[in-house]
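S.K.: Once you've had a glance at the structure underneath, I'll fire off some questions.
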Amino acid sequence: MADFVNASIFGTLFQITSRYVNLEPVGMGAFGLVCSAKDQLTSSPVAIKKIMKPFSTPVLSKRTYRELKLLKHIRHENIISLSDIFISPSEDIYFVTELLGTDLHRLLTARPLEKQFIQYFLYQILRGLKYVHSAGVVHRDLKPSNILVNENCDLKICDFGLARIQDPQMTGYVSTRYYRAPEIMLTWQKYDVAVDIWSTGCIFAEMLEGKPLFPGKDHVNQFSIITELLGTPPDDVIQTICSENTLRFVQSLPKKPRIPFNEKFKTNDPLALDLVEKMLSFDPRTRITASQALAHPYLAPYHDPNDEPVAAEQFDWSFNDADLPIDTWKVMMYSEILDFHHISQDGDQFLNANGPGTEQASDSSFTV
């Protein structure tokens, strides 16, 4: 069995292979703890994300499986890449990815961003989204803390745990409130890749202003703040609301006029204002796409249609509609991990995490 080393991080057991050393906490979210470490095989810094109790519920099992499937298949310069994955003897799952020094949230709280950085960061976000959306995938939880940046200003989108195949009947209350598209709040269904463009528009506005554009205290307040800028939703948008209660609520609100963006924003850059306005269209059907946004004049310094690739094929995530028991998700997860390491499921030998040679791994300790 592979050699595992125990460490306590914020009172949480980190049980990793001896391939990784020098663990330091980076951040903690609702579904996992992230540490930085050194990969002794490559001498490179990495990020190790522990998925806590991935098999505690079918919902969490599916979420973890979904994120693994995405990270395995998405290969793009502006999307975080998976370099290793293993399951510890205690059946926690660890994703190992490249380490970037900071995230956009930390940058925005530290200092105002200059125009060239705003342009470059926005360009990279949209470049990544063009690829993801071309595969029929919606991220669903874009926010500054999910946008990683290194010292060279290279940017990568991370945290695909909530991502889904584009589905005209997609449901659920998902993204962080400040960056949540109005169609999610209004209908909870019938939304698509346009929700990511809204979130990116909110991030773009935050880079321009230095603070969140729509800092709602709850979903009602969030919607109210949005209408203070964009005005009352058009009638054809209101008519798409499926919930009768939500429809009555929206129709009961006083009519609000739209505020010109040049009165709301500090920037006097007309190209920036034009692009953010196109990204924050109330109607997702008229919202600009990632591909269209990349070609906008505001991003002309970086736009290169020959270097903005799309996915070779759509992802087949038919499992997303499956209601499976935990044990089935576990078997599927093990299969994906074996496939990631290019090892036949029929074999009992697995590469040692510490270098050349093979060792037999237990059912709960897959690694390389």
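FYI, residue positions are counted from 1 along the chain as it appears here.
Each Cβ is built from the backbone N, Cα and C atoms, and glycine gets one as well.
Not my notes, these are from Swiss-Prot:
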ACT_SITE  Asp141  active site, proton acceptor
BINDING   Val26, Gly27, Met28, Gly29, Ala30, Phe31, Gly32, Leu33, Val34, Lys49  ATP binding site
DOMAIN    20-299  domain 'Protein kinase'
MOD_RES   Thr171  phosphothreonine
MOD_RES   Tyr173  phosphotyrosine
S.K.: Would you identify the secondary structure of the residue listed as 'active site, proton acceptor' according to DSSP, in three states?
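M.R.: DSSP assigns the residue listed as 'active site, proton acceptor' to coil.
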S.K.: Please average pLDDT over the domain 'Protein kinase' (20-299) for the predicted structure.
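M.R.: Per the prediction, mean pLDDT sits at 88 for the domain 'Protein kinase' (20-299).
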S.K.: Within a 10 Å radius of its Cβ, which of these binding-site residues (Met28, Val34) has the fewest neighbouring Cβ atoms?
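M.R.: The binding-site residues Met28, Val34 were compared, and Met28 has the fewest Cβ atoms within 10 Å.
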S.K.: If we count other C-beta atoms within 10 Å, could you say which of the recorded positions Val26, Gly32, Asp141 has the fewest?
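M.R.: With the recorded positions Val26, Gly32, Asp141, fewest surrounding Cβ atoms within 10 Å: Val26.
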S.K.: Determine, to the nearest whole angstrom, how far the Cα atom of Asp141 (active site, proton acceptor) is from the Cα atom of Gly32 (ATP binding site).
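M.R.: Cα of Asp141 (active site, proton acceptor) to Cα of Gly32 (ATP binding site) measures 16 Å after rounding.
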